[in-house]
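The following features are taken from TrEMBL:
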- Glu359: active site, proton donor/acceptor (ACT_SITE)
- 99-393: domain 'Peptidase M14' (DOMAIN)
Amino acid sequence: DQVFRINVRNGDEISKLSQLVNSNNLKLNVWKSPSTFSRPVDVLVPSVSLQPVKSFLTSQGLEYEVTIEDLQALLDNEDEEMQQNEGQERSSNNFNYGAYHSLEAIYHEMDNIASDFPDLASRVKIGHSFENRPMYVLKFSTEEGVRRPAIWLNAGIHSREWISQATAIWTARKIASDYQRDPAITSILEKMDIFLLPVANPDGYVYTQTQNRLWRKTRSLNPGSPCVGADPNRNWNASFAGKGASDNPCSEVYHGPHANSEVEVKSVVDFIQKHGNFKCFIDLHSYSQLLMYPYGYTAKKAPDAEELDKLARRAAKALASVSGTEYQVGPTSTTVYPASGSSIDWAYDNGIKFAFTFELRDTGTYGFLLPANQIIPTAEETWLGLKTIMEHVRHNLY
């Protein structure tokens, strides 16, 4: 299997490409969707479809290059590294932040953080998944019993984006260990609480580790369809079933039967609404190196677009200061593509002004299969971006 990067230059080429992608018999898997012409499209092509896809692209005059020559080699390598690491962790009893982990290991480490920092961190169950796995957040708070203004950090809503879950659990340890060491974090936590959900789609995550590494959606059953799951980032009640989502259960961007139909989404929505004092919502995804703010469901400007844009640019600059990683900044709809029913649009429309999506490393060399040796460098740079946003929120409470 190979990953192709296809350059599209106009609407006509985008529709030709969509025709190719939507033909079921080729079994293509889109890694990066057709969007603005400045963004190439990344598509995973199974080995049986290589010939027909190449001849289609050539006959239609579509330019392409192969970005990943041998997908299986990357998958095997990733698998081997994970198994090696599991063995080492068993013998040393230490959590290696520079490795990818099972859901169980991430949950166990959340417990460890809570027990290492009992006055700051606690593990809270906010609900369960379709297959009945618990959904846990780490709550960081220096004052119990008060609903202080709060920040929500979300990761792993798309299960194959492993760098997001890995960055999130690193970030959890960082928040806890930097409290009372780093004045910025200390001052944020003196005034606000932070809630961090490292695995927003637990069933999907387990499925990527046991069945299909490139699974994106939830694992809910769709009555009347053999296809499983909905796209949890098209399932929020923000122009639900609008642009950039599909009503076909077999689509990677299937929006689900109704808003909040996915219990994983509903658990977060219910928690945030019941709490009622969230000021910031940040969703970690991969890949593409983007920092985006609302809206996705419309090209019209969000009322706070100027402040959000300025803040996002400051955050991207801070992130780049670590190892030069460049991020593009802008509203979702024009930076990537129109997308309805997304988490940050829902947050923003529900009074959470500071709503951002990070698309973490890389820009396509490895795509979703980012090598584990990039986890810590990614987490470290992302941390500076997150911190820039959280500090701004702390000084601009409303």
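Using N, Cα and C of the backbone, Cβ positions are placed for all residues, glycine too.
The DSSP secondary structure for Glu359 (active site, proton donor/acceptor) is strand. Over the domain 'Peptidase M14' (99-393), the average per-residue pLDDT in this prediction is 98.
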